[in-house]
Amino acid sequence: MVRKKIALIGSGMIGGTLAHIIGLKELGDVVLFDISEGMPQGKALDIAESSPIDGFDVHLKGANAYEAIEGADVVIVTAGVARKPGMSRDDLLGINLKVMEQVGAGIKKYAPSAFVICITNPLDAMVWALQKFSGLPVHKVVGMAGILDSARFRYFLSEEFKVSVKDVTAFVLGGHGDSMVPLVRYSTVGGISLPDLVKMGWTTQERIDQIIQRTRDGGAEVISLLKTGSAYYAPAASAVSMAEAYLKGTKRVVPVAAYLSGEYGVNDTYVGVPVVLGSGGVERVIEIDLDKEERDAFDYSVNAVKKLCEACIALVPSLK
């Protein structure tokens, strides 16, 4: 059987971690691409040399030319500048938009049939621009955000309730930024909703509100502690879970930055919503009922994303 090919555009901390996790899971052969000569080759070799110890059979190689991604089944994009302490994701828009233009052209030429996962910030605007630049079908281009934000929310809740993260479910909608919308009503511990757990005395609404804010600040918290970089383990794990759902056709119900064409009353915008993710890419966008408070927060988040997309158009008018 021919193994799947997974191309990683960007070989920084997330790219290297992606390659390692993909190797351990034996999801496919890996091409690490980066414009920095030697970096992708060195990381590919280092990970490959760990394979006899960890017992995985995956071919890894590094490259500095887009030709190397030719025919890739999955492309995961991390290329661009990462946040530093004190920066918001939105501060990266100008420089990373130029990167997306180059990456989109490379994907369009060499991997037009791939399923593309974008991680580059500001996420929702960058995946929107990447889809435009690449010309790939909207259901084959997604952004990694909701899974990561939901994972952070789930972890913080598991710590609050002192239970296994496996028994905590959570949904975070909207843009991947300060306006993200953690949905308390749809978040559960062992099937019991958070509002019911508050009524049962397991926690207080004040604590839930604090956890929601910590979730919104999750990336910034990691950055402030690291001081010299941004999160990479959790973002990489999130993206690999998306790639795995596509490659194995598992039809996972997960929150991703997906293209909306009327769903939730939103058009021509990528924003975090629950979807069915399978071998067809985004096979279905799930529209859940939102109460007025949730709807207002979601609309506010969508408008924040739209403003970023408008800023992209101001820089590159052809995106319109």
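Cβ coordinates come from backbone N, Cα and C, glycine included.
From the candidate list D29, D34, D73, the residue Swiss-Prot records in the NAD(+) site shared with G10, S11, G12, M13, I14, G15, N96, I119, T120, N121 is D34.
Cβ packing within 10 Å was compared across the binding-site residues G10, G12, and the lowest neighbour count falls to G12. Comparing H176 (active site, proton acceptor) with N121 (NAD(+) binding site), their Cα atoms are 9 Å apart once rounded.
The Cβ neighbour count for H176 (active site, proton acceptor), using a 10 Å radius over every protein chain in view, is 29. Between the two most distant C-alpha atoms of the annotated NAD(+) binders (G10, S11, G12, M13, I14, G15, D34, N96, I119, T120, N121) there are 17 Å. When the Cα atoms are compared, I14 (NAD(+) binding site) and R152 (substrate binding site) turn out to be 17 Å apart. Taking only the Cα positions, the spacing between G12 (NAD(+) binding site) and R152 (substrate binding site) is 22 angstrom.
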